[in-house]
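Record features, source TrEMBL:
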| type | residues | note |
| --- | --- | --- |
| BINDING | Gly21, Leu22, Ala23, Val24, Met25, Gly26, Asn44, Arg45, Thr46, Val88, Lys89, Ala90, Asn116 | NADP(+) binding site |
| BINDING | Asn116, Ser142, Gly143, Gly144, His200, Asn201, Tyr205, Lys275, Arg302, Arg465, His471 | substrate binding site |
| DOMAIN | 193-487 | domain '6-phosphogluconate dehydrogenase C-terminal' |
| ACT_SITE | Lys197 | active site, proton acceptor |
| ACT_SITE | Glu204 | active site, proton donor |
Amino acid sequence: MPLVYLVIKMAPPLTRIGLAGLAVMGQNLALNIADKGFPISVYNRTTSKVDETVERAKQEGDLPLYGFHDPESFIQSIQKPRVVIMLVKAGAPVDQTIKTLSVYLEKGDCIIDGGNEWYENTERREKEMAELGLLYLGMGVSGGEEGARRGPSMMPGGSLQAYKNIEDILLKVAAQVPDSGPCVTYIGEGGSGNFVKMVHNGIEYGDMQLIAEAYDVLKSVGKLSNEELHQVFLDWNKGELLSFLVEITADIFGIKDDKADGHLVDKVLDKTGMKGTGKWTVQQAADLSIAAPTIASSLDARFLSGLKEERVEAAKVFKSAGFGDILTDQAVDKKKLIDDVRQALYASKICSYAQGMNLIRAKSIEKGWGLKLGELARIWKGGCIIRAVFLDRIKKAYDRNADLANLLVDPEFAKEIIERQAAWRRVVCLAINSGISTPGMSTSLAYFDTYRRDRLPANLVQAQRDYFGAHTYERTDMEGSFHTEWFKIAQQSKI
């Protein structure tokens with residue numbers, strides 16, 4: 001009697017974690033998790049994205065990644081207590097995804113939003129999930145698609161228990177920095193993780209604007225070619241400016257156009273996009289009365305870049321009146337200019353980071369989050385877009401003094417700014433005289449000059465407020481609030 005073999009297709013074992021939302025960041029983070037040895041289930045409303053991700057997992061090492069086309073089987077495939085990461089567009093799509101998945105979740109399960117979400121939405125959702133017996137985290141993820149695949153910086157905030165449920169995965173998936181550890185930590189309660197990621201992006205706006213201004217001065221005034229700019233940024237990336245953004249800037253200047261002659265950077269339209277986190281940062285700074293002019297100027301620069309058609313017409317108007325792109329055509333010492341711009345860029349960056357850290361601290365105090373600024377600097381040292389060698393020095397500054405009022409007054413940073421301020425002023429003056437706008441560098445210098453002075457002309461502004469609005473004022477020589485009948489006195493003196 002012939003033997004009959006019954007072939008049974010075994011279902012995959014329960015996975016450790018699930019991920020919903022398979023755009024670029026979602027796919028790469030899922031593959032990263034699988035690559036670190038954690039079996040993962042993936043789901044996307046558009047099922048072709050699921051199949052695409054499963055195929056990538058096979059091609060990239062037969063990774064333990066399992067795809068599902070419906071939300072119920074996706075949730076049921078994850079071991080309890082279930083942990084599901086969402087990477088979908090902020091706002092309504094997050095609420096819709098939660099609604100779709102939560103139907104199949106049970107008490108004790110956890111949802112993690114890995115997108116750039118407004119922190120108050122995260123706090124609202126955490127409360128709503130708690131009513132269902134579910135745990136919730138809002139986790140900022142920085143590093144772009146490459147960071148998500150190879151190791152991002154992650155900023156989870158919300159339920160501490162939810163963090164504990166996924167800590168083993170995050171510690172392995174995050175970027176690893178020698179002598180510093182994984183670029184992830186439990187940020188704090190509520191929406192703290194999303195808030196910290198928002199400010200990280202605001203600092204990123206400032207950083208990118210300052211680099212663009214350095215490029216503009218070197219190209220427009222110094223007349224450096226793309227080949228020379230490529231070499232300058234390569235050299236800068238070996239010293240105090242060593243960072244991801246300086247590194248990729250060097251790369252950009254080295255890439256030729258594959259569709260026409262010349263370098264690709266010269267063909268890119270001078271119109272910068274944005275997704276909103278920079279605007280949120282500036283709005284929060286205003287709400288908390290925290291000066292963040294470097295970050296604000298970078299946002300304004302993006303707004304102005306968007307007025308491309310208006311700027312083209314304005315250029316025609318002013319050129320007809322004798323105003324060209326460059327107001328002076330004086331010869332400059334390239335070597336000296338390059339060194340001055342390097343110093344100006346570094347000093348301005350300190351101001352940008354100082355403003356971001358002050359904003360985080362102010363929000364932490366308001367919300368009672370108890371955020372540790374030195375620890376934030378540590379997890380930004382690798383994986384994220386603003387990763388830079390001098391973040392280690394920022395961490396050490398806060399380690400020396402956790403209550404540091406401002407990075408500018410840390411002894412080491414104060415010394416560096418003093419050493420660079422002459423070059424900083426030369427670059428800003430040269431740009432002004434040449435008609436080149438450097439809003440980031442200029443406002444950073446103004447921030448420094450304002451902060452370092454013990455007496456400002458604010459006394460006149462307050463006197464004006466008291467004159468027309470009886471807002472009162474304080475005196476330097478005695479306690480109390482005072483009001484003067486300025487108008488009456490002025491009128492009597494005119495008689």
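FYI, residue positions are counted from 1 along the chain as it appears here.
For all residues, glycine too, the Cβ spot is worked out from N, Cα and C.
No curator has checked TrEMBL annotations; they are predicted automatically.
Feature map: annotations from TrEMBL on the structure.
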residue	record	contacts (Cβ under 8 Å, 6+ apart)
Ala23	NADP(+) binding site	Lys49, Leu87, Val88
Met25	NADP(+) binding site	Leu87, Gly114, Val141, Gly144, Glu145, Ala148
Asn44	NADP(+) binding site	Ala20, Gly21, Leu22, Gly26, Val50, Thr53
Thr46	NADP(+) binding site	none
Lys89	NADP(+) binding site	Gly115
Asn116	NADP(+) binding site	Ala90, Gly140, Asn194, Lys197, Met198, Asn201, Lys275, Gly276, Thr277
Gly143	substrate binding site	Arg150, Gly151, Pro152, Ser153, Ala175, Gly383, Cys384, Ile385
His200	substrate binding site	Gly140, Ser142, Met155, Gly356, Trp380, Cys384, Ile385, Ile386
Tyr205	substrate binding site	Met274, Gly278, Thr281, Ile295, Ser298, Leu299, Arg302
Checklist line | Distance in Å spanning the most remote Cα pair of Gly21, Leu22, Ala23, Val24, Met25, Gly26, Asn44, Arg45, Thr46, Val88, Lys89, Ala90, Asn116, given for NADP(+) | finding: 21
Check: Do you know the mean pLDDT across the domain '6-phosphogluconate dehydrogenase C-terminal' (193-487)?
Finding: 94
Notebook entry, point to check: What count of other C-beta atoms do you get within 10 angstroms of the C-beta of Arg302 (substrate binding site), across all chains shown?
Noted result: 18
Checklist line | Alpha-carbon spacing, His471 (substrate binding site) to the residue listed as 'active site, proton donor', which is rounded to whole Å | finding: 38
Next item on the list: Give the sequence-ordered list of residues that share a chain with Glu204 (active site, proton donor), lie 6 or more positions from it, and have CB atoms under 8 Å from its CB.
Entry: Leu245, Gly278, Ile385, Ile386
Check: Just counting, how many other CB atoms are there within 10 A of the CB of Lys197 (active site, proton acceptor)?
Finding: 28
Note to self: Let's check the environment of His471 (substrate binding site): how many other CB atoms sit within 10 Å of its CB?
What the structure shows: 13
Note to self: Could you state, as a whole number of Å, the largest distance between Cα atoms of any two of Asn116, Ser142, Gly143, Gly144, His200, Asn201, Tyr205, Lys275, Arg302, Arg465, His471, the listed substrate binders?
What the structure shows: 49
